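Notes follow once the structure below has been shown.
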């Protein structure tokens, strides 16, 4: 199962490259008003499909056992949706004096505003042997919370960049995000046994639809002659994203392993991944709604497109190290327990 998940993620990375390359070669197909009609097929049908799929696949019944760890959940959600975007905003005040493309910097801010992903943090937590139930709960709950909080954060930090009125944003979010998500959960109740028996490829479906969204987003970019992306800015953004990811993983590790933290080593593993990972699946559709019609939308989306593979790559590389630390700490705890 883990091999299949890894193959799907590798296929998706290749798909992103092909989608952007295809948009570069023939942008007229996916632009607004083009043959694909993205103003309808993407803005409404594709986004609604992703969130209906999420509602159908989220196994909320398994989350009840994790509800009691309130301190753990508060730590992850506050770090992800409050500390992370605030820290990025402060950091960008320093970066604003550099020659880095301003729309890529705005894109960094959108990364900070995103909710946690539903899959990658859970998969990596499970690979290490950490608190999987907590990872599942916080990924799912963070996704639900992000439906409301993320657009608010985007408008708070980048409100002047949005060309869509506040009420229009939330009405579209409600119709294309909240309603399909609820319908998916309702439908799940009636076909739960069939879903558990057949195990439909939810991840592959969402990834395919997401590639279509990415393709049409970059079609708008390459069809606009006024947009120029310099390689220097792109390389710097890649370096900054790697640095942010590693720094925040280290920060969550330090906070969660303090003597008075009361978190177990398994809890720390879930905290490291859930607090620092950001959702591409939920993020791109939200950016498409909040910045609908914005000429620099694709540049704003670039840091999130980079952050997604970086978080998976770094997480995968660090799995053996984190697992070794967790096992040694758990052995230490067992040795220090008094025998009766």
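Keep in mind that glycine also has a Cβ here, set from the backbone N, Cα and C atoms.
Nobody curates TrEMBL annotations by hand; they come from automatic prediction.
The transmembrane segment feature in TrEMBL is assigned to 41-60 (among others).
According to TrEMBL, the transmembrane segment annotation covers 72-92 (among others).
The annotation transmembrane segment is assigned in TrEMBL to 136-157 (among others).
Per TrEMBL, transmembrane segment is recorded for 169-190 (among others).
Beyond the transmembrane segment (202-223), the same-chain residues lying 6 or more positions past its ends with a Cβ under 8 Å from any Cβ of the stretch are 5, 8, 11-12, 15-16, 19-20, 22-24, 27-32, 34, 36, 38, 41-42, 46-47, 49-50, 53-54, 56-57, 119, 280-281, 284-285, 288, 295, 297-299, 301, 305. According to TrEMBL, the transmembrane segment annotation covers 202-223 (among others).
According to TrEMBL, the transmembrane segment annotation covers 235-256 (among others).
Residues or ranges marked as transmembrane segment by TrEMBL: 268-291 (among others).
Positions annotated as transmembrane segment by TrEMBL: 297-319 (among others).
Here the transmembrane segment (169-190) has Cβ contacts under 8 Å with residues 43-44, 47-49, 51-58, 60, 144, 147, 151, 155, 162, 285-286, 289-290, 292 of the same chain, all six or more residues outside its ends. Within the same chain, residues 42-43, 46-47, 50-51, 54, 72, 75-76, 79-80, 84, 110-112, 114-118, 120-121, 124-125, 128-132, 134-135, 138-139, 142-143, 146-147, 150-151, 154-155, 161-164, 169, 172-173, 176-177, 206-207, 210, 213-214, 217, 245, 248-249, 252-253, 255-257, 297, 300-301, 304-305, 307-308, 311, 315, 322, 326 sit at least 6 positions outside the transmembrane segment (268-291) and bring their C-beta atoms closer than 8 Å to a C-beta of that stretch.
Within the chain, the transmembrane segment (235-256) has long-range Cβ neighbours (under 8 A, six or more residues past its boundaries) at 75, 79, 84, 87-88, 91, 95, 98, 100, 104, 107-108, 111, 263, 267-268, 271-272, 275-276, 302-303, 306-307, 310-311, 314, 318.
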